[in-house]
Amino acid sequence: MENTDKKIDGVITNSVLHKANTRGHANHGWLESYHTFSFANYQNPERMNFGVLRVLNDDRVSQGMGFGKHPHDNMEIISIPLEGDLEHQDSMGNTTVIKEGDIQAMSAGTGIFHSEYNKNKDQLVKFLQIWIYPNKKNVTPRYDQITLDLNDRHNKLQQILSPNPEDEGVWIHQDAWFHIGKFDNDFSTSYELKKPGNGIYAFVLKGDFKIGNIALNERDGLGIWDINSIKITANSANAEILLMEVPMQL
């Protein structure tokens, strides 16, 4: 695949733009997946990670299908369902269902096995699978799942993940903060980074946005670093965006 990543000049200079149609793509029949970063058979040396953000997969799982039991270690794994629901089972004894509005996080640590299945007979499941490098290795594996109020992200950024167990959202072993917001057309807001030296990766879930001088469409991604804050503006109704603040140093 031709490398069409673009470094942006102008108001925002330290950035990389990943247009939706430049992502890796795999269609296995039961699973269709778009890879922002190198994954499985999609390997692009220009797209290995954004700081500690290693994987951002946009997955669609067919009815009655899913991921069989498979291993992970030393990775923070976050799942964000967008449509439908998935049944989760793991080697820690958890059997749960995750659906839209839920956030799931696993610290693989010394090693886990897990599976994710779409048990529905009539509904496709869409979800994001995100991998973050941890700041601690060989921790005891752990599982975290919460349900958030979807109304609490209207015209504001709702925190869904942080490094702190007592904060809103799930927590992981990394100095990362995730937020989701759903905005009316022309609504603007700002995000102040929590930790000096972190960068931010914005991923458009629905609609159109502008960040600084950069226009983003559905499923586009934009990574920015060497900044303290960003301003985002929705350019369509019901526009939804995921912001991932992450350390830039592995």
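Along the chain as shown, residues are numbered 1 onward.
Including glycine, each Cβ sits where the backbone N, Cα and C put it.
TrEMBL lists 22-132 with the feature domain 'Pirin N-terminal'.
The annotation Fe cation binding site is assigned in TrEMBL to H70, H72, H114, E116. Within the same chain, the residues at least 6 positions away from H114 (Fe cation binding site) whose Cβ sits under 8 Å from its Cβ are K69, H70, H72, H88, Q89, D90, S91, M106, listed in sequence order.
Looking at the domain 'Quercetin 2,3-dioxygenase C-terminal cupin' (160-246) alone, the prediction's average pLDDT is 98. Annotation comment: TrEMBL describes 160-246 as domain 'Quercetin 2,3-dioxygenase C-terminal cupin'.
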Problem set entry | DSSP residue counts for the domain 'Quercetin 2,3-dioxygenase C-terminal cupin' (160-246), split into helix, strand and coil | 0 helix, 50 strand, 37 coil
Seminar exercise, completed: Grouping DSSP H, G, I as helix and E, B as strand, the residues of the domain 'Pirin N-terminal' (22-132) number 1 helix, 67 strand, 43 coil
For this session: Select one residue from H70, H72: among these binding-site residues, choose the one with the most other Cβ atoms within 10 Å of its Cβ.
Result: H72
Problem set entry | Neighbourhood of E116 (Fe cation binding site), C-beta criterion under 8 angstroms, separation at least six | V61, G66, F67, S79, L86, E87, H88
Exercise. With a radius of 8 angstroms around the mean position of the C-beta atoms of H70, H72, H114, E116, what other residues of the same chain does the Fe cation site pick up?
Worked result: F67, K69, P71, I77, D90, I112, F113, S115
